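Enquirer: Sharing a structure here in structure tokens format.
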């Protein structure tokens, strides 16, 4: 080999060697690991099929039958749905009451939740304590115990009438009057605003403070900041809360069942309570299944309308 001018051998560049990453045999990857993966998720899949998918499909089948908790039943097609829309006045009354309940209770809860969240967002000290105290009614509000307490509170000899009598105002049968009974349930629903409040509070914490500082320099007042900054940037959270609370409002059961039992004169007969009666008091499971599917369609339509309208009023801060 020829030498260069310095008398040394020429430097020959060496091609770097890269170690290839270790690759497991295909047989081990597709065999043991996949089997282990399916084994881990199999309890969830079995539970989903056995306790969710199968009951849903079976309830759809029952809605086309006259199944009544007995031994024999027959296929009647759309008979349950036809009876529901043509001859069942109680069903129409329950639907009317449910629309009134959801249409008033949901906005009241959302407004209260937003107001409290805005107030908490301005508190610096002990915010965790206030947040816990205000969220507590939502934890216990749907329980049977709170519903019983609400019934005692608005009863003829309850605390509410006692307060009215002590200040010289006339008392009233709040739960016995068809005109006021539904509003006691609306008040109970609005009182349980804690979960919505926490979601609103989380959304408020994500709004940059620089927006408010810049608007203050420009001379914006607090109410202008609220409607021009807070509300537009909070619309995604408002959309989420509106959908969730609307579904919950249509599915309300415990307050109507415990506080008023649908009375007086079916003025508080919510849809789910009437569906419960058809299933477990009249043992008309086929008809109750049809009612459940109608409610599913109603909720789906309302959800779709809310989502469709969100294109015009929801603003995402990309």
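Any Cβ shown, glycine's included, is placed from N, Cα and C.
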Enquirer: Name the residue range among 77-98, 99-120 that TrEMBL annotates as transmembrane segment.
Expert: 99-120
Enquirer: Taking 3+ C-beta pairs under 8 angstroms (sequence gap of 6 or more) as contact, is the transmembrane segment (99-120) in contact with the transmembrane segment (225-244)?
Expert: yes
Enquirer: Same chain, outside the transmembrane segment (286-307) by at least 6, Cβ under 8 Å from its Cβ: which residues?
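Expert: Residues 59-60, 62-68, 73, 76, 80-81, 83-84, 91, 239, 242-243, 246-247, 250-251, 271-272, 274-276, 278-279.
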Enquirer: Which residues of the chain, 6 or more past the ends of the transmembrane segment (181-204), have a CB below 8 A from one of its CBs?
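Expert: Same-chain contacts beyond the flanks: 97, 100-101, 104-106, 108-110, 112-114, 116-118, 120-121, 131, 134-139, 141-142, 146-147, 150, 154, 174-175, 230, 233-234, 236-237, 240-241, 244-245, 249, 252, 255-256, 259-260, 263-264, 267-268.
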Enquirer: In the same chain, which residue numbers or ranges, 6 or more beyond the ends of the transmembrane segment (225-244), come under 8 angstroms Cβ to Cβ?
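Expert: Answer is 106, 110, 113-114, 118, 196, 199-200, 202-204, 207, 211-212, 215-216, 303, 306-307, 310, 313-317.
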